[in-house]
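> Below are the features listed in TrEMBL for this protein:
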- 39-74: domain 'EF-hand' (DOMAIN)
- ASP52, ASP54, SER56, TYR58, GLU63: Ca(2+) 1 binding site (BINDING)
- 78-109: domain 'EF-hand' (DOMAIN)
- ASP91, ASP93, ASP95, LYS97, GLU102: Ca(2+) 2 binding site (BINDING)
Amino acid sequence: MSISDVLSADDIAAALQECQDPDTFEPQKFFQTSGLAKMSASQVKDVFRFIDNDQSGYLDEEELKFFLQKFESGARELTESETKSLMAAADNDGDGKIGADEFQEMVHS
């Protein structure tokens, strides 16, 4: 599966354009612009599985650092503060990782 199988390439490009500079990534804005926020819960969980590099069922900070690159290989890495902010926004149980349900809740919040 490619991310462009479920999201429009134009929407992805627009979302990446909005956060191309370091420390400008805003998760909710990204989810809206990319079209993720309009997807069903099951579609969001499919995208989660695509982002989950090691297929562990969780996203850790190392995977989150490369979050944007899952949408476009040439995209920048998230900064440390952006990575920690994204983790804090979704890690509802405080275990230091984001599960598929937590990711889906964050996208639709």
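Using N, Cα and C of the backbone, Cβ positions are placed for all residues, glycine too.
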> Rounded to the nearest angstrom, how far is the Cα of ASP93 (Ca(2+) 2 binding site) from the Cα of SER56 (Ca(2+) 1 binding site)?
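Cα-Cα, rounded: 17 Å.
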> Same-chain residues six or more away whose CB lies under 8 A from the CB of ASP91 (Ca(2+) 2 binding site)?
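Long-range Cβ contacts: LYS97, ILE98, GLU102.
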> Would you list, in sequence order, the residues of this chain other than ASP52, ASP54, SER56, TYR58, GLU63 that have their CB within 8 A of the centroid of the site's CB atoms, where the site is the one recorded for Ca(2+) 1?
ASN53, GLN55, GLY57, LEU59, ASP60, LYS97
> List the residues of the same chain that sit at least 6 positions away from ASP54 (Ca(2+) 1 binding site) in sequence and have their Cβ under 8 Å from its Cβ, in sequence order, or write 'none'.
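In sequence order, the residues whose Cβ lies under 8 Å from that of ASP54 (Ca(2+) 1 binding site) (at least 6 apart) are GLU63.
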> Please list the DSSP helix, strand and coil residue counts for the domain 'EF-hand' (78-109).
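Going through the domain 'EF-hand' (78-109) residue by residue, I get 19 helix, 2 strand, 11 coil.
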> With a radius of 8 angstroms around the mean position of the C-beta atoms of ASP91, ASP93, ASP95, LYS97, GLU102, what other residues of the same chain does the Ca(2+) 2 site pick up?
TYR58, ALA90, ASN92, GLY94, GLY96, ILE98, GLY99
> For the domain 'EF-hand' (39-74), would you mind checking the mean pLDDT of the predicted model?
95
> Give me the Cα-Cα distance between ASP93 (Ca(2+) 2 binding site) and TYR58 (Ca(2+) 1 binding site), rounded to a whole Å.
13
> Note down the number of other Cβ atoms within 10 Å of the Cβ of ASP52 (Ca(2+) 1 binding site), including every protein chain shown.
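Its Cβ shell of radius 10 Å holds 19 other Cβ atoms.
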> Hey, how far is TYR58 (Ca(2+) 1 binding site) from ASP95 (Ca(2+) 2 binding site), Cα to Cα, in Å?
10
> At the level of the C-alpha atoms, what whole-angstrom distance separates ASP95 (Ca(2+) 2 binding site) and ASP52 (Ca(2+) 1 binding site)?
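Here the two Cα atoms lie 16 Å apart.
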